[in-house]
Amino acid sequence: MIFLITLSIIKADTGGFVGHSAVHPDMMAAARHAMDRAVRSELLIDGHVASCGDDVSLIMTHRYGADSQLIHSFAWDTFQTTTGVARELGLYGAGQDLLSDAFSGNLRGMGPGYAELEFDERPSEPVVCFLADKTEPGAWNYPLYKMFADPFNTAGLVIDAKMHAGFVFEVYDLFEEKWICFDCPAELYDMLMYIGAPARYVVHSVRSKTLGETAAATSTQRLSLIAGKYVGKDDPVMIVRAQSGLPALGEVLEPFAFPFTVGGSMRGSHHAPFMPVSVGHAHPARFDGPPRVVALGFQIHDGRLVGPRDLFADPSFDEARHQANLAMDYLRRHGPFEPHRLPLEDLEYTTMPQIQARIANRWTPLPSPPVPATAGRPASAGAAKS
Ligand code: F6R
Ligand code: MG
Ligand code: MG
């Protein structure tokens with residue numbers, strides 16, 4: 001009999017301790033209490049509460065599929081509860097991600113982010129839940145490309161018969177609200193043209209061509225254009241299933257051995273290295289960064305979450321952390337200059353409209369270029385030797 005289960009990670013920033021750096025232990029306790037009750041009432045098969053930076057993640061297994069009203073409304077209520085705790089303690093930005101006053105069906109466009117995957121549980125089902133803070137969903141483009149399309153990362157693409165045919169990537173255009181599938185490796189170069197621009201094009205899911213199974217899902221939420229500015233790019237989460245014809249656990253983690261840069265960090269407006277850390281170190285400090293990623297490994301068995309294992313709490317990622325600190329030093333020294341500061345159109349905070357309005361009448365057209373002295377002479381006359 002097919003035993004379809006859904007793994008959902010639903011996350012929200014409902015208040016920071018201190019500033020935007022972490023979640024207060026009392027908020028975590030309140031979320032765990034709600035989760036325990038939901039398991040006991042059999043809404044959920046199992047659940048685990050985790051955090052990365054100032055975001056609470058509810059990691060849940062259940063039988064209701066993606067976008068379930070029951071599951072989303074449970075998450076919404078839990079975030080209301082953690083917001084209440086944050087308010088009582090005067091924590092920073094209490095209820096920050098709860099953009100609406102009331103829940104209406106599911107969480108789309110309401111602030112919290114979510115990654116969900118429904119699948120037929122394999123005899124042994126290893127999954128990794130990635131949680132990130134101080135960056136955006138496009139941060140998963142690089143590691144997903146490495147895991148599922150780069151043979152220098154994933155040996156299985158070359159030497160595992162179940163992986164050799166490749167994977168299909170579903171990519172969203174966040175600005176124009178459309179999506180496309182790229183069949184890789186055949187369409188790899190086409191795909192890279194898009195996903196190399198992660199502020200706009202974001203991998204939403206990846207499917208194995210041989211197994212027909214979805215292997216990865218990210219929290220790519222649609223952006224809303226509000227007052228001429230896209231909002232809703234949020235600290236992302238991702239689910240990746242591993243082994244048996246999918247990337248092995250070590251191939252899933254390998255991309256993070258290089259601390260590639262992502263958009264985010266201070267005021268969501270800077271490039272900074274993505275630092276893989278243990279749960280205990282997932283608290284962005286320096287310049288509200290470097291952006292952090294934690295990897296929680298579970299074996300799912302009869303829908304139960306056996307784990308987690310804190311997968312980046314390992315010395316093999318020490319060098320990535322060291323390089324991230326060096327890269328942070330290098331980028332920080334650019335101060336308000338690109339490429340540390342994001343291009344004008346990607347800034348989360350900007351004073352540009354006010355500045356433009358204030359100094360608009362001081363901009364003067366440059367004088368027209370003088371007519372070159374050589375005008376009218378044959379092209380060869382006076383040409384400089386090079
Ligand atoms: C970035 C982030 C922080 C804040 C920064 C300023 O995603 O959350 O870097 O943008 O700390 O926060 P406010 O404006 O709340 O003082
Ligand atoms: Mg915050
Ligand atoms: Mg956050």
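Heads up, residue numbers simply count up from 1 along the chain you see.
Using N, Cα and C of the backbone, Cβ positions are placed for all residues, glycine too.
Annotations in TrEMBL come from automatic prediction, not curation.
Here D54 (Mg(2+) 1 binding site) comes close to D13, G15, G16, F17, H20, S21, A22, V23, Y92, G93, Q96, D133: these same-chain residues lie at least six apart in sequence, with C-beta atoms under 8 angstroms from its C-beta. What TrEMBL lists as Mg(2+) 1 binding site is D13, H20, D54, Q96.
The active site, proton acceptor annotation in TrEMBL covers D13.
The Cβ neighbour count for H20 (Mg(2+) 1 binding site), using a 10 Å radius over every protein chain in view, is 22. As annotated by TrEMBL, beta-D-fructose 1,6-bisphosphate binding site applies to H20, Y92, G105, N106, K134, Q243, S244, R267, D288, Y349.
According to TrEMBL, the dihydroxyacetone phosphate binding site annotation covers H20, K134, R267, D288. The Cβ neighbour count for K134 (beta-D-fructose 1,6-bisphosphate binding site), using a 10 Å radius and every protein chain shown, is 31.
According to DSSP, D133 (Mg(2+) 2 binding site) is assigned to a strand segment. According to TrEMBL, the Mg(2+) 2 binding site annotation covers D54, D55, D133, D235.
The active site, proton donor/acceptor annotation in TrEMBL covers Y230.
In sequence order, D97, G113, E136, P137, S219, Q221 are the residues of the chain that are 6 or more apart from D234 (Mg(2+) 3 binding site) and have a CB within less than 8 Å of its CB. Mapped onto three states, the DSSP output places D234 (Mg(2+) 3 binding site) in coil. Annotated Mg(2+) 3 binding site per TrEMBL: K233, D234, D235, in sequence order.
According to TrEMBL, the active site, schiff-base intermediate with DHAP annotation covers K233.
What TrEMBL lists as Mg(2+) 4 binding site is D234.
TrEMBL lists 363-386 with the feature region 'Disordered'.
Annotation source TrEMBL lists compositional bias 'Low complexity' at 373-386.
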Legend entry - binding-site residues (Q96, S244), the one with most neighbouring Cβ atoms at 10 Å: Q96
Inset, instruction - Return the member of D55, D235, R267 nearest to K134 (beta-D-fructose 1,6-bisphosphate binding site) in space, with distance defined Cα to Cα and candidates limited to these binding-site residues. - result: D235
Legend entry - Neighbouring binding-site residues, C-alpha within 10 angstroms of R267 (dihydroxyacetone phosphate binding site) - of D55, G105, D235, S244, D288: D288
Inset, instruction - Could you work out which of the binding-site residues (D13, D55, D133, D235, D288) has its C-beta surrounded by the smallest number of other C-beta atoms within 10 A? - result: D288
Inset, instruction - Express the distance between the Cα positions of D55 (Mg(2+) 2 binding site) and S244 (beta-D-fructose 1,6-bisphosphate binding site) as a whole number of Å. - result: 32
Legend entry - Contacting binding-site residues, sequence order - D54, Q96, G105, D234, S244, D288 vs ligand 3, Cβ under 6 Å: D54
